[in-house]
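Asker: Right, I'll just put the structure down here and ask away after.
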Amino acid sequence: MSPDYGVDFFRKFTLVMNALDNRAARNHVNRMCLAADIPLIESGTAGYLGQVTVIKKGLTECYECQPKPPQKTFPGCTIRNTPSEPVHCVVWAKHLFNQLFGEEDPDQDVSPDTEDPELTAEAGQSALEQKKTANVAGGIERKSTRAWAMETGYDAKKIFNKLFRDDIKYLLSMETLWKKRRPPIPLDFENLPHAESEHPSTVMRDQRLWSMKECAQVFRDCLSGLKEEFAKQGENGMLVWDKDDELAMDFVASTANIRSHIFGINQKTKFDIKSMAGNIIPAIATTNAIIAAVIVMEGLKVLNGRIEECKQVYLNRQPNPRKKLLVPCALDKPSPKCYVCSAKPEVTVVLNTEKITVKTLEDKILKSALGMVAPDVEIDDGKGTILISSEEGETEENSDKFLSDFNIGNGSILKCDDFLQNFELKVIIAHADKLEDDKEFDVVGDLSELQAKPLEEQPANQNGGPSNQEEAEDDLMVVDDVDIIKSGTKRKADPESDDMGAKRMKSSGDQGDIVIL
């Protein structure tokens, strides 16, 4: 999303093939290819499921034409090297549990990742050479996490200092990672911050934030308890993480918060961390290989000037009634209501103008939910009032003010422009005193969708676009909720195919699943 890779950069290519790992990056490349009028082959995998589609401005629907469920996927290098959200630390903590007591999986290694795609040239080579020649980090040999922990007798102090001091120092040696990020700060078991929890002691334990000293104490107690439980399983036994297991949940909550503190991420209560935790599904190598082949096949059609022959192809978990794993479908036409590729893009945002600040509008709505990178926002009030400027510092004084302070109310229109994406969007504000489920805002595709009921009674709508995920790239995809990859959208069957099983969406238990990734 750097300005170095603007529209002119994309215009250098005949074709773009996507192999990205997060919604924000997919949305961005989609918009750049639309702006540059370059064909895009979009792809995705999740476990045994996969999808490839071709996107061409004015000819097919774009990546954002169809609403998608919220994304819960995280690249492995983000989990191990550059977490930026609390959920990244929760996933890491669950991986640590499995490395120490559960089913060992190399894809869930919690040690720093020296194959991070950002580690290029001297920085990556330096880190690799350090690992190769010394094979140590902070004086501790880098071996199987479980083997090393068992050798120490699951010593809390040694494991703490290895994970939260020595591994962090090792990450700091990868200087390229921290040129544009806040570097992590190592912690020592014997020298923890003295700050106490902000919540009073009368608040329930699960509902308050733990101090670092309390986290370290919980970590030590959990290690001791889990060590005993692990020993009871026998030589080849293992523990299975369960969010309702008190020891296992406390272990994840404490380690996740310690890691969050190190990386300057907001800490969460045990209650919040429990709600984030879910099943982790790694990517399947053969799925990626099949989808890569399909990408090339569709790319050859584009390069040979036969884009009208391109298909949307789904890879299903099991053969359909016609014994096919790969199901081709006709490409859909652009959606006239798409707020990205339609002739006059517009979207309605339901919110309380008296409670939403300009900063929230910029960060959570425009950047996160609507996928903009550096938006400029003008109030369509006949005066040309600039609400948000992409130039640093120009509108900083507006950040903490409420939208109502600028006379923005029900029906107000904001003209949003993202120069990097060559993307203009009209945002219509629909005021609501209260939204369902106490949400801060709701993004809907069309104002007419709100007319059936009062705004306060509107159900949640998923037409909000991406979660705010890291733009890091990695072959590893971690899926946090299997239901996400089982939800889909009805698609049209390829008229040239004899496979009529693609005409309708099957239930998740049927053999003809079609998924939207």
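Cβ coordinates come from backbone N, Cα and C, glycine included.
Keep in mind that TrEMBL annotations are predicted by a computer and have not been checked by a curator.
Note that the structure is a prediction, hence the values are computed from the model and not measured.
The following feature annotations were taken from TrEMBL:
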- D21, N22, R23, A24, A25, R26: ATP binding site (BINDING)
- C62, C65, C338, C341: Zn(2+) binding site (BINDING)
- 349-436: domain 'Ubiquitin/SUMO-activating enzyme ubiquitin-like' (DOMAIN)
- 459-469: compositional bias 'Polar residues' (COMPBIAS)
- 470-482: compositional bias 'Acidic residues' (COMPBIAS)
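Burial and contacts for the listed features, if you can.
Answerer: Under a cutoff of 8 A between CB atoms, and with a sequence separation of 6+ in the same chain, the neighbours of C338 (Zn(2+) binding site) are E61, C62, E64, C65, P345.
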Asker: When a 10 Å sphere is centred on the Cβ of N22 (ATP binding site), how many other Cβ atoms does it contain?
Answerer: 23
Asker: Setting C62, C65, C338, C341 aside, what same-chain residues sit with their Cβ within 8 Å of the center of the Cβ atoms that define the Zn(2+) site, listed in sequence order?
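Answerer: Counting only non-site residues, the set is L34, E61, Y63, E64, P334, S335, V340, S342.
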Asker: Kindly report the helix/strand/coil residue split of the domain 'Ubiquitin/SUMO-activating enzyme ubiquitin-like' (349-436) according to DSSP, in that order.
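Answerer: Helix, strand, coil within the domain 'Ubiquitin/SUMO-activating enzyme ubiquitin-like' (349-436): 20 helix, 29 strand, 39 coil.
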Asker: A24 (ATP binding site) has how many other Cβ neighbours within 10 Å of its own Cβ?
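Answerer: A count of 21.
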Asker: Rounded to a whole angstrom, what is the C-alpha distance between D21 (ATP binding site) and C341 (Zn(2+) binding site)?
Answerer: 22
Asker: At the level of the C-alpha atoms, what whole-angstrom distance separates A25 (ATP binding site) and C341 (Zn(2+) binding site)?
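Answerer: Between the Cα atoms of A25 (ATP binding site) and C341 (Zn(2+) binding site), the distance comes to 17 Å.
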Asker: What is the average pLDDT across the domain 'Ubiquitin/SUMO-activating enzyme ubiquitin-like' (349-436)?
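Answerer: Taking every residue in the domain 'Ubiquitin/SUMO-activating enzyme ubiquitin-like' (349-436) and averaging pLDDT yields 92.
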